[in-house]
């Protein structure tokens, strides 16, 4: 009989989808095992016969499915306002250029976010965070990028820090100051990049407000030379980097990111084979964002077969934002990734667990159920992991465990 220590907690009578690639079964499934949790981490996975059937801190899950906590590795969670009226205009035939000329597009969100005080901005973001937590998310990336000036970018990152301090969900904050050119720099995007590189990145990094730097390398964002200035600045300070690349066109952003050992290349609908090979060589995760693909009614799909062939890890995320993916649901993104991009349910599960953890630099502690990893996991009223992907309108979450505590 396995000896338990005071304070140990056990989950028994479970079907365990570990997502551990070292296990041979699909999803890393094991049966007739129990989880021992100690001090917020997974202490061990042992045969049920080695443990008492009942006792203090022993939870009988009656055969329910247990998976790692979900990880949403790409969100724009902190913003004010919405773009519903603009979406209706687009559906009625208005062009993006026409909407932008009227003050719409990303700068509409920037204006609303700049004008919003920190407390109401926090309350808006907190409600969104809790929606994701209710789906089983235990680690969440939050980007800035709707300030495009030092004060508001800092405000967005302070909101992310306040959310993290609630200890309800892990937050990975990202500085996305190079998201778009603000209206006041419309005729001087290089000048804006200078502001980002010489002021925003070093000052906000010194304050400890973010974990990584992101950018938007695209024809409607920043060109390759401007993007490389951002990457050079970040790398000189030892800051991990990532990027929105190859979403609307092929500029070579994925190859650029990979030269800087980017954590992830996100969107990647127009990614080519040279970019895929560079991502493999640079250890860069491909993050698929099917919500934006759907909402923008795009036609160019990411090169999933190439990513498989080159064995590039693929993550899936919600990309929750007001302009191109207003879906605060990782479950929906999981389903869309299967239906629209052709991922298998097992690939999607890897994409919201171990590969998503890698996209955030957390692969040594998150995204799998194995000894030594954080005790972040979800108990589902389900028998198979595919059930959560198959029916996105139904949430079979039974219990969410964060840092070893039922939450």
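From the backbone N, Cα and C atoms, a Cβ is placed for every residue, glycine too.
Long-range Cβ contacts of residue 76 (Fe(3+) binding site) within its own chain (separation 6+, distance under 8 Å): 142, 143, 145, 146, 176, 319, 320, 321, 322. Annotation source Swiss-Prot lists Fe(3+) binding site at 74, 76, 244, 319.
For the recorded site, residue 76 (Fe(3+) binding site), the DSSP three-state label reads coil. Swiss-Prot lists 74, 76, 244, 319 with the feature Zn(2+) binding site, giving sequence analysis as the kind of evidence.
Every protein chain considered, the tally of other Cβ atoms within 10 Å of the Cβ of residue 324 (4-imidazolone-5-propanoate binding site) stands at 20. According to DSSP, residue 324 (4-imidazolone-5-propanoate binding site) sits in a coil region rather than a helix or strand. Swiss-Prot lists 83, 146, 179, 247, 324 with the feature 4-imidazolone-5-propanoate binding site.
Positions annotated as N-formimidoyl-L-glutamate binding site by Swiss-Prot, on the basis of sequence analysis: 146, 321, 323. In this view, residue 321 (N-formimidoyl-L-glutamate binding site) is surrounded by 25 other Cβ atoms within 10 Å of its Cβ, with every protein chain counted.
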Including all protein chains displayed, how many Cβ atoms other than that of residue 146 (4-imidazolone-5-propanoate binding site) lie within 10 Å of its Cβ? 31
Closest by Cα to residue 83 (4-imidazolone-5-propanoate binding site), out of the binding-site residues 74, 244, 323, is 323
Can you see whether DSSP assigns residue 244 (Fe(3+) binding site) to helix, strand or coil? strand
Listed in sequence order, the residues of the same chain lying six or more positions from residue 244 (Fe(3+) binding site) whose CB sits under 8 Å from its CB are 214, 215, 216, 217, 218, 221, 253, 266, 267
Go through 74, 247, the listed binding-site residues, and name the one with the sparsest Cβ surroundings, counting other Cβ atoms within 10 Å. 247
